[in-house]
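Asker: One structure follows; several queries about it will come next.
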Amino acid sequence: MMTPSQWKDDICTSQLAMVACAIFLLLPIFSPVVFATGLESHRNLQVPFVQPEDLGFLPQRSPQGHEFALRHIFHHGTYQYPLLHKRLDVNPETKIWVASEDGAKLEFSPHFRVSSQPSQIQRLTDRRVQVMEARLSAARTPEVFSTLSPPVWTIDELPGPNISDKTTVLNLAKMTANAYIMEPGAERWEDVSGPFNQSLSFGWEKDGLRGHIYADQTNSTIIIALKGTSAALFDGDETTTNDKINDNLFFSCCCGQGGQYFWRQVCDCYSSAYTCNSTCLVSALVTENRYYRASLDLYANVTDIYPNSTVWLAGHSLGGAVSSLLGLTYGLPVVTFEGVPEALPASRLGLPVPPGTDPNTPQAREYTGAYHFGHTADPVYMGTCNGATSFCTLAGYAMESACHTGQRCVYDTVGDLGWRVGIGTHRILNVISDVIERYEDVPTCVPDTECRDCALWKFFESNGSHPIPPSSSTTSPTRTRTSTCETPGWWGCLDKTTTTGTTTNVITTSTSTCKTPGWFGCKDPTTTSSVPSATPSPTPIITSISMPTPTSTTCETPGWFGGCNDPPTTATSKPNSSSPSTSTTCTRPGFFWGCWDPTSSSETPTAAFSSTATHTSCASKTWFGRSCTTPAPR
């Protein structure tokens, strides 16, 4: 008797029999009889689906081509007009002038050919706008978010950009370059939300997030290209001020604080050295006038116009980072060019995270459908534009993030072309003409799972009532001390210590008047005076020393370290004798000491008991009192 396997081997031998055998083997999969048996227990039965690629005799699916054209331009206000949302429809016959980020005019290409290929993305099954908004709002409140049921995740296979095709990558880059377009003409902007017509307000075009909507011929695929950071260096030109605020919110460890001197501070969440309030950071990021909030509203309005279309996202620089955050939120294919590393803000926005993934390291997440193109000479893309003398720092940008979500597609322009790292290579026009068009092939995309942002920083959470928590107080179960310091110092309090108590002390009062001060004390003879106090004390001992001959010494020129530099003066008393009196005046003193004048003397007879006195005086003394420059008149 033949076994089933032997029967199958004998039947499926010829070529015609192989086709018939394959159809027979696929019948259990496509036939409803196997699944609809009528029993309740069979309803939850899961049978693995065999992909057509796994069958060797079926052809592989080739990338499909799409031809995209500009259909709409959306503008969402962020700072001056946070409720502003306008739409400009572009007709095929509309003439559009495109200006690049550096002001150069470009010839507008009405059509862009892009190919697609299947892409696997892990995302939520329920991605309705109202459901996602509720989850994002609850994620900012841990108490509410913890009570929600776990969302249902799935890995969907949907058409995405063919990142291995050079033409596709090049045209997507051109779409992001065209996203820097100014107002294309005199067409009328329509209000998307709200009854307020703010089009008459001057300057609204320079405030907000601008996205360009491209659609293929069948409207089956939509591409949203978001505008990135303006090229102006300082404030006041285009949307540079707003872009700088968002850049420092998104890509710095703590709002541009605790780093370089020129970084623009955009919030007050810094607590101490390398310590930051993460609750304050999240609150600053999700405010309604920020770009991420504007991108969510823009996506909601685009999907309202095209509810059944597949949406792709593209962007350059800040626009690329915002596109990536939006793609992580809704599970959309994303292609960015020279995008700022966005894993850091992705970990702070409360984005939905699949089970088994660390929310603090979104760069380790798989099946994101995000691809970030860039080259090694761009310090913004590589995450190195944060030194003290870097262009970003001098312009006020705090670019501390270095990790990308999804996969990185890096052109090694430093190694292959010998480029030097510089901010000038960040512009999208340079990337298009000097990088993408110059290379024959596109680089291989790889994930960046081992990267870490802000490794030296510590982040803590607060209740959200204060941007910076008050000073903490430390209590001990064995000792409690309360003190108020009015003069804090570097290593403690500088206030004087006050002690309350009853003590009995012996009071000793010393009064001294120094007539001859020296460098390290007084040179006067020591005089001691003792005043007895009321407290009993030992009997004082007073010692008096009587000199046989009193001597009085007066020093006019004290020395540096003690002693006297005056010339010696001698007084001698001799009874029953008389001697002449001699007076000497030096008019030519020596260089160091002595006198070069001839010796002169005057004799004056005196009475008995007289003495010989010699007086030498000097008005100006130099070299520590050893020489005389100006003799004093006598």
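Cβ coordinates come from backbone N, Cα and C, glycine included.
Annotated topological domain 'Cytoplasmic' per Swiss-Prot: 1-15, in sequence order, evidence recorded as similarity to another entry. According to Swiss-Prot, the feature transmembrane segment maps to 16-36. For 37-634, the entry in Swiss-Prot reads topological domain 'Lumenal'. Per Swiss-Prot, N-linked glycosylation site is recorded for Asn162, Asn197, Asn219, Asn277, Asn301, Asn308, Asn463, Asn576. Residues or ranges marked as active site, charge relay system in Swiss-Prot (evidence: similarity to another entry): Ser317.
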Asker: Calculate the distance in Å between the alpha carbons (Cα) of Asn301 (N-linked glycosylation site) and Asn219 (N-linked glycosylation site), and round it to a whole number.
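Answerer: Roughly 15 Å, rounded to the nearest whole number.
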Asker: If you count the other Cβ atoms within 10 Å of each Cβ, which of the glycosylation sites Asn219, Asn277 comes out on top?
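Answerer: Ranked by Cβ atoms within 10 Å, first place goes to Asn277.
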Asker: CA-CA, which of the recorded positions Asn162, Asn219, Asn308, Ser317 lies nearest Asn277 (N-linked glycosylation site)?
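Answerer: That would be Ser317, nearest by Cα distance.
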Asker: On the 0 to 100 pLDDT scale, where does the topological domain 'Lumenal' (37-634) sit on average?
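Answerer: Mean per-residue confidence for the topological domain 'Lumenal' (37-634): 72 out of 100.
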Asker: On a C-alpha basis, identify the one among Asn162, Asn308, Ser317 that is nearest to Asn219 (N-linked glycosylation site); the candidates are the recorded positions.
Answerer: Asn308
Asker: Measuring Cα to Cα, tell me the gap between Asn308 (N-linked glycosylation site) and Ser317 (active site, charge relay system) in whole angstrom.
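Answerer: For Asn308 (N-linked glycosylation site) versus Ser317 (active site, charge relay system), the Cα atoms are 29 Å apart.
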Asker: Write down the Cα-Cα distance for Asn162 (N-linked glycosylation site) and Ser317 (active site, charge relay system), rounded and given in Å.
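Answerer: Counting only the Cα atoms, the answer is 21 Å.
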Asker: Among Asn162, Asn301, Asn308, Ser317, the recorded positions in question, whose Cβ has the most other Cβ atoms within 10 Å in this structure?
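Answerer: That would be Ser317, with the highest Cβ count within 10 Å.
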Asker: With H, G and I counted as helix, E and B as strand and the rest as coil, say where DSSP puts Asn277 (N-linked glycosylation site).
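Answerer: In three-state terms, Asn277 (N-linked glycosylation site) counts as strand.
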